[in-house]
Amino acid sequence: MIRIYNTLTKEKEEFHPLEPGKVRMYVCGMTVYDFCHLGHGRVLVAFDVITRYLRHRGYDVHYVRNITDIDDKILRRADENGEVYTDLTDRMIHAMHEDEARLAVLPPSEEPRATAFIDDIIAMIQRLVSTGHAYPADNGDVYFAVESFPDYGKLSRKKLDDLVAGARVDVQEAKRSPADFALWKAAKSGEVSWQSPWGDGRPGWHIECSAMSTKCLGDTFDIHGGGPDLLFPHHENEIAQSECATGHKFVHTWMHAGAIRVNKEKMSKSLGNFFTIREILEKYPAEVVRYFLVSSHYRSQVDYSEESLAEAGRTLTKLYHALRGLIPAKASEVEETEHDRRFEDVMDDDFNTAGAISVLHAVAGEINQHRRDGNEDEASRAAAVLVRLGAVLGLLQQDPEAFFQVGGSEGLSPKDIEAMIQARADARKARDFAEADRIRDELLEKGIILDDSCEGTSWRKA
RNA sequence: GGCGCGGUGGCAGAGUGGUUAUGCAGCGGACUGCAACUCCGUGUACGCCGGUUCGAUUCCGACCCGCGCCUCCA
């Protein structure tokens, strides 16, 4: 039985999808005006693992992750760059797909874009206007009337009075209440716009997710996820719009990832302390970054640091060492082990990936023991277990040699390295250990570590 | 100020009312020509103070500290 922490109820609940065996999940994706940073990466990887695990447990998962490709920030950035906004969004969507692929994030089942759903967005706003939950204002915008929805604040636990009193919200003459938010924004001259009953304009920030999720998954669906900073106001507003428009409960389980921090502060656009995924991937192998993300629970805050990434690299190296030189048995031919059961036990508990990784280490230890005992057959069966459990976390799917030797060495081709290894082997055979060690040291200086074994010598990047 | 989350061994990070997390680093041993890899062994960790209990790191209360949201941000 899978249990999931639901932000709406603030409790871990047994997970029962609305339709047995089927999971309908929506995750807020990117607003595409810049490269993805590690915070985006965390959400991408977290929900990728969740999807993989739900499928592993036999659910048919329909995973929708949107792209918001029209918005103030996009228009501003395109303007700064002096380009058509669609050129910017096309470029960023392409970059995002590259980042995802490198992090081994599987594509969602559907990836709807806001600009392809303008008709649905307008239809939803019309429904809200006609039922009195929204109103066109004098400035040409259409606003959601927050006070028309008594449940407003149920997700973020905020009281409307506090929000208004806080006065941090955008004070707008045109709004009836300061907490009201825009569903439709009137176009300024020269801006991209779509026709609507309220004049030319474009959607406000939150409505696109309500329209797309409802269109793709129905009025009510199982899981809605996203980053921690979307909880308010974005998700709160989505609930208000959707429940008022459809008259049904919007989402059963709300899931929010924890923040990535840098020096104890949240990594964020506004603080400017963010590292883009591609920046990080210049310094660390993608799987190491993924391992780092998966090694803590998806809801906990996690500090990004060079040291943490380095440690993740050392640890992942150890796991691949267990697989190196082994041909894993066919996973389908290896029956369920107690490791599989333990893995499911911990993952069933709100996707405890940290616990799951400890199972991976237990399996690796078992492989190494079998190998040491010369029990190749058992080792290859255990390797199959390691690879199949790794797959659920999106780890350990590479050929170990590819992992160890990624990129080769500066100035040395794999061929050069092999030649030096052979020269060292000859020296060792002649018991010229000074020469053998000289060669090993020379390679080490160039970032190559040698591992001897009874089958010969293999190398890896330091 | 309001709402919420958290403080676990040198570090990272799970978990539990009484029994081993796991990983990295360290130390001792085995293996090795020497290393690396691997294996074996090795650490009286649960912010502070009360309470409940036969027993609390785990439950309850207060306190201290850190973080997040309350405004665009994943």
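Cβ atoms are placed via backbone N, Cα and C, with glycine included.
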Have a look at A:56-60, A:266-270, A:376-380 and point to the one annotated motif ''KMSKS' region' in TrEMBL. A:266-270
For the Zn(2+) site that TrEMBL assigns to A:Cys28, A:His234, A:Glu238, which of A:Cys209, A:Cys454 is also named? A:Cys209
Of the residue ranges A:30-40, A:162-172, A:316-326, A:415-425, which one carries the motif ''HIGH' region' annotation in TrEMBL? A:30-40
Could you check which of the binding-site residues A:Cys28, A:Cys209, A:Glu238 is the closest Cα neighbour of A:Lys269 (ATP binding site)? A:Cys28
Please list the DSSP helix, strand and coil residue counts for the domain 'Cysteinyl-tRNA synthetase class Ia DALR' (A:342-404). 50 helix, 1 strand, 12 coil
When secondary structure is assigned with DSSP, how many helix, strand and coil residues does the motif ''HIGH' region' (A:30-40) contain? 3 helix, 3 strand, 5 coil
Which residues in the same chain, at least 6 apart in sequence, have a Cβ under 8 Å from the Cβ of A:Glu238 (Zn(2+) binding site)? A:His206, A:Cys209, A:Ser210, A:Ser213, A:His224, A:Phe250
With a 10 Å radius around each C-beta, find which of these binding-site residues (A:His234, A:Lys269) has the fewest other C-beta atoms nearby. A:Lys269
Determine, from DSSP, whether A:Lys269 (ATP binding site) sits in helix, strand or coil. coil
Using the Cβ center of A:Cys28, A:Cys209, A:His234, A:Glu238 as the Zn(2+) site position, which other residues in that chain lie within 8 Å, going by their Cβ? A:His206, A:Ser210, A:Ser213, A:His224, A:Gly226, A:Leu230, A:His235, A:Asn237
